[in-house]
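For reference, Swiss-Prot has these:
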type	residues	note
DOMAIN	3-237	domain 'ABC transporter'
BINDING	Gly35, Pro36, Ser37, Gly38, Cys39, Gly40, Lys41, Thr42	ATP binding site
Amino acid sequence: MSIQVSGLCKHFGQFTALNNVSIEFPSGGLVALLGPSGCGKTSLLRVIAGLERPDSGTVAIQNRDVSGLDIRERQVGFVFQHYALFRHMTIFENVAFGLRAKPKARRPNEATIKQKVNRLLQLVQLDWLADRYPAQLSGGQRQRVALARALAIEPQVLLLDEPFGALDAKVRKELRRWLRKLHDELHITSLFVTHDQEEALEVADHIVVMNKGQIEQIGTPEEIYRTPRTEFVYQFVGSSNRLYLEDSNGLSFTPSDVVSTHGKQAKRIYCRPHDFAVNTQHRPDAIPVAVARKLALGNMVRLEAYSLDNQQLVEVELSNHDPVLDEIQAKRHLWLTPKTVSQFA
């Protein structure tokens, strides 16, 4: 089922959570709403779900206007960050809850409920825990139960609000892989909110980057990372170093957003930490830096250095097999040449 959002505005007092947001989410896609805290991503999800009413604008599911309907009438499944499982119910009873709570005319019989719940528990690989209680499960297992419960009512769309935010890094990575596999089996239209760029890049078919209540860019993970349309997207998705173009031949760092040099307006340009060529010998066309720290991070080494021109921090990432690392120690001077840059006016 596709989702159409048109002209959504939402205010909380003087704060603008959504500012005239319009977007269509394709049927069967897994879409990440990505952005910093307060950008509007959770407000957008809650308005689509019917948990919040917009000040203006409409929400349609499969071209049917649902703006005036509450969450039960919209046929959406919603998964919260903190599970929201009933502690006094078994895992089986938690998953069955939505089915048993349906109006009598639409409520399945107990045999059908049992069959559906058992099938869902098998799908999320927790059928062997059906008689346990939430307190007896790990955080990752509880989140899978919450997802099974959301799927039990056969929703038209699935909405997830930072579903892995309360879990540790290793469990998050396992569940991201599991969610992607599950979606490929079910093909249900799904939106998930996250502030974790790695999570969005790894899991989603498409990413919607939001900032200050508006959409900055929509694209595939590769498009968002490789061809950011705005300065905000470049800075938010992936690590970056800010530079400015002094003239046609030279690059230099600056702490300012816009710099005028010799009467010329400098462009703001950026370089990823892994896109520097590192030289241990002086080069007149390179950026001179002094190494402050050398950090071993698994298969990568990160250098924290400071520009000799203005003391701006520069991050450089190298493979831990790079031979130049043997020559690099703290306080060592290096010369950096950007191999690839992105420019913004």
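Backbone N, Cα and C atoms are what each Cβ position is placed from, and that goes for glycine too.
Around the Cβ of Pro36 (ATP binding site), 12 further Cβ atoms fall within 10 Å across all displayed protein chains.
Note on Thr42 (ATP binding site): other Cβ atoms within 10 Å of its Cβ, all shown chains, come to 21. A Cβ within 8 Å of the Cβ centre of Gly35, Pro36, Ser37, Gly38, Cys39, Gly40, Lys41, Thr42, the residues given for ATP, is found for these other residues of the same chain: Ser43, His195, Met210, Asn211. Residue density at Gly35 (ATP binding site): 29 other Cβ atoms are found within 10 A of its Cβ, drawing on all protein chains shown. Annotation: Lys41 carries the greatest number of neighbouring Cβ atoms among the binding-site residues Ser37, Gly38, Gly40, Lys41 [cut-off 10 Å, Cβ to Cβ]. Take the CB of Cys39 (ATP binding site) and look out to 10 A: across all protein chains shown you find 25 other CB atoms.
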